[in-house]
Amino acid sequence: MIRNNWTLEETLELFGLPFNDLLFKAHMVHREYFRHNEVQVCALANIKAGGCPENCCYCSQSAHNKTGLTKKGLSSVEEVRTAARRAKDVGVHRFCFAAAWRNLHDRDVDRICEFVKAIKEEGLESCASLGMLKLEQAQKLKEAGLDFYNHNVDTSRAYYHNIVTTRTYDERLDTINNVQEAGINVCCGGILGMGESTEDRAQMLLTLANLKQHPRSVPINRLVAFKGTPLEGAKKVNSVDFVRTIAVARIMMPASYVRLAAGRSDMTEEMHALCFFAGANSIFYGEQLLTTENATPEFDQNLLSRLGVVATPSGAHESCAC
C-alpha cells in the first residue's frame, strides 16, 4: 500500500528489524510492485563541470573545495546527442544530464530544452539535474518533453546544516514541489556515509515518503570521499547499513525505482545482490558518473548475467504480482 503518512517511530522500527526479516519484508513488497529480476539502466553525463558556488561538503565540483577539478563550459546540443546515442547503443534506457551550478538560469533554458529534445529523438527517457528550478522553468522543460528532474535532499533536515549552508532544505523542497506541479516525474534521494546517524537516514526517507507524491526514482548514493573536500576522511558506510537503507526505502516507497547511484565502484557482487534482493531496481551504467568512478560496463554485464537479472525500460518492470 502506498502511504504518505509515515511516522518516525514506524521508520525506526523498520531500521531496527533483524536484517533477514527486513530483507524478506522488502523483497515481498518489491515483488508486489515490480518484476523482481529486472533493473532499469541509466546513464549520466556532465554538461557543465566545476565552479559551482554551493558549498556542499561532499562535492568535487564546488568552488569552495580544492579538488583540482578542471572546469568545463556548457555542452553543445550535438555533444549531448552524441552521448545519448552512445548510451543507447550499449543498452541504456534513460539518459540523465547534470550541470554544476546553483540554479538553472533563464538564459540557458532554451539550450536545455534542446538537450531534452535531442535525447527524446534518440528514443530515450530524459532526466535533468540542474539545481534549483522555478515553476515557469519547470513548465518549459515539461513542454520540451523532459521526463524526470533530479534534485536530492541529501540527508535529514536536522543534519543538513553540517553538509550545506548555501542552500536551505526548504529551497530543495520548493524545487521538488515546482517539478511536481509542472507534471515532471521527481527523482530525489540522498547520500549515505557523511557522518549521519540511523535516525538521520530514517528522517531523510520519511521526508521523501511523505511528499504529496512519492519520487518516481529514489537514488541512494554511497559517499565518494574526494580529496580536497571536507569529507575526504569520512568513514565508509557499513555495507549492512547501506542495504538496510535500500530495504526501508523499498518498503516506504513501494512503487518507486530505488537506484544504486554513486559509490558502486567498490561494491562487491555479493553486496549488489543483497541490494537487488532488498528492492534496488535501477543502476547507472558507464565507467564515469559526473566526476566519480562507476562500476565498469563489463562488471555490470557479468553481474547481471550471473544473477539472472535483465535490463529493461521503465514501465516494463511494473505491476507484477509474482
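Using N, Cα and C of the backbone, Cβ positions are placed for all residues, glycine too.
Positions annotated as [4Fe-4S] cluster binding site by Swiss-Prot: C52, C56, C59. Around the Cβ of C52 ([4Fe-4S] cluster binding site), 22 further Cβ atoms fall within 10 Å across all displayed protein chains.
Look at C127 ([2Fe-2S] cluster binding site): DSSP puts it in a strand. Residues or ranges marked as [2Fe-2S] cluster binding site in Swiss-Prot: C96, C127, C187, R259.
The average per-residue pLDDT of the prediction over the domain 'Radical SAM core' (37-264) is 92, rounded to a whole number. Positions annotated as domain 'Radical SAM core' by Swiss-Prot, on the basis of sequence analysis: 37-264.
Residues within less than 8 Å, Cβ to Cβ, of R259 ([2Fe-2S] cluster binding site) and separated from it by at least 6 positions along the same chain comprise Q40, C42, G189, S217, V218, P219, I220, A280, S282, I283, F284. It is 21 Å from the Cα atom of C52 ([4Fe-4S] cluster binding site) to that of C187 ([2Fe-2S] cluster binding site).
Annotation note: C96 ([2Fe-2S] cluster binding site) sits in a strand segment as assigned by DSSP.
A gap of 19 Å separates the Cα atoms of C187 ([2Fe-2S] cluster binding site) and C59 ([4Fe-4S] cluster binding site). For C96 ([2Fe-2S] cluster binding site), the count of additional Cβ atoms within 10 Å of its Cβ stands at 27 [all protein chains shown].
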